[in-house]
């Protein structure tokens with residue numbers, strides 16, 4: 001039965017990722033080219049009506065193809081560049097090629113993260129098989145593709161302890177789309193455990209400075225207008241576009257009590273992850289950890305790469321689970337995280353593939369239905385609670401080493 005041992009080794013031995021990953025990238029490049037060739041692009045208006053083409057600096061007066069601009073400054077710069085690179089939005093084909101390259105670069109970064117975390121090769125095919133993910137990138141040209149690249153580059157940098165670069169890249173991603181704020185709790189935990197309180201606060205200041213520097217042209221003109229539009233936290237979402245909460249009905253979806261309930265669940269889940277998983281490397285109870293941290297007695301820890309990736313992606317998925325409304329483009333953040341989280345949750349490979357397929361079906365159902373939205377929420381809950389229930393393995397399979405202070409890089 002040597003062939004059985006060979007198949008098992010190919011599926012479970014992480015050393016095979018080194019040669020499998022380039023083959024998957026090559027195959028996916030061919031698939032992207034085929035999609036661009038055969039499927040009409042759906043993002044012509046997005047390229048042809050870019051708001052910054054008029055050089056307007058008052059954020060309250062800038063409009064895009066779908067109405068008032070509601071994204072931060074880096075989004076404006078990114079799509080201004082795209083607007084000019086595509087001959088003022090007329091060369092849609094070249095725009096698709098650019099987003100296909102963006103997709104493939106992000107895939108390479110994701111594969112690097114998977115390899116460094118020791119993930120088994122049987123997860124890798126799931127990283128290139130998503131119909132919805134290809135649509136988000138090469139057919140819809142959403143800014144979420146740019147933000148997702150920033151997210152994964154930041155995760156890779158955090159895994160390799162490049163703290164300053166990681167925070168700068170992450171904050172730039174936040175300036176493309178606020179979804180990346182969902183990583184903030186994880187970043188706080190990882191940096192505090194690795195560097196202690198003072199350096200972590202310094203990195204937080206750096207993140208704010210990146211936002212200020214990117215927004216200077218708009219802050220000089222109308223700072224209140226920029227902050228209210230770019231970082232609007234009270235935005236009312238339209239029920240007809242929701243992917244996740246359609247099954248609760250429009251009245252509940254639009255109610256303030258539902259929004260507050262989701263916020264409360266989000267806070268409780270973050271606390272549960274912190275107590276049962278994220279902070280256990282501190283080797284003390286939560287009250288003792290806080291006391292030691294404030295008193296300057298916290299002993300820094302060299303965190304293993306699988307732990308860092310698990311903390312980052314679990315923070316992301318908890319945030320998506322408790323989001324007021326998810327739209328189809330949000331799959332850019334979730335799709336590549338799901339296989340890893342299901343693996344860390346300890347699911348059998350067959351069950352893992354089944355959950356992935358159900359999630360993929362739900363996100364490809366347009367418009368969303370009660371059933372598809374239930375599956376979206378259940379799949380997110382399965383990933384979040386699965387990792388939480390399996391926290392002993394999900395966060396502690398690798399030993400950490402006490403160390404002195406780690407320097408910013």
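Including glycine, each Cβ sits where the backbone N, Cα and C put it.
Keep in mind the model is a prediction, meaning the values are calculated, not measured.
What Swiss-Prot says about this one:
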| type | residues | note |
| --- | --- | --- |
| TOPO_DOM | 1-18 | topological domain 'Lumenal' |
| TOPO_DOM | 40-59 | topological domain 'Cytoplasmic' |
| TOPO_DOM | 83-91 | topological domain 'Lumenal' |
| TOPO_DOM | 113-137 | topological domain 'Cytoplasmic' |
| TOPO_DOM | 159-167 | topological domain 'Lumenal' |
| TOPO_DOM | 191-200 | topological domain 'Cytoplasmic' |
| TOPO_DOM | 220-257 | topological domain 'Lumenal' |
| TOPO_DOM | 279-302 | topological domain 'Cytoplasmic' |
| TOPO_DOM | 324-335 | topological domain 'Lumenal' |
| TOPO_DOM | 357-373 | topological domain 'Cytoplasmic' |
| TOPO_DOM | 395-409 | topological domain 'Lumenal' |
| TRANSMEM | 19-39 | transmembrane segment |
| TRANSMEM | 60-82 | transmembrane segment |
| TRANSMEM | 92-112 | transmembrane segment |
| TRANSMEM | 138-158 | transmembrane segment |
| TRANSMEM | 168-190 | transmembrane segment |
| TRANSMEM | 201-219 | transmembrane segment |
| TRANSMEM | 258-278 | transmembrane segment |
| TRANSMEM | 303-323 | transmembrane segment |
| TRANSMEM | 336-356 | transmembrane segment |
| TRANSMEM | 374-394 | transmembrane segment |
Spatial neighbours of the transmembrane segment (19-39) not adjacent in sequence (6+ beyond its ends, CB under 8 Å) are 93, 96-97, 100, 103-104, 107-108, 111, 115, 121, 124-125, 127-128, 134, 137-139
Note: vs the transmembrane segment (92-112), the recorded stretch with the largest number of Cβ pairs under 8 Å from 138-158, 258-278, 303-323 is 138-158
Tertiary contacts of the transmembrane segment (336-356), defined by C-beta under 8 angstroms and 6+ residue spacing from its ends, are 11, 106-107, 110, 114, 117, 119-120, 122-123, 126-127, 133, 148, 152, 306, 309-310, 313-314, 316-317, 379, 382-384, 386-387, 389-390, 393-394
Long-range CB partners for the topological domain 'Lumenal' (1-18) (under 8 A, at least six residues beyond its ends), listed in sequence order, are 111, 114-115, 118-122, 124, 349
Contact set of the topological domain 'Lumenal' (324-335) with the rest of its chain, CB cutoff 8 A exclusive, min separation 6+ beyond the ends, reads 130, 132-133, 135-137, 140, 142, 144-145, 147-148, 151, 179, 237-238, 241-245, 253, 258-259, 262, 316-317, 363, 366, 376, 380
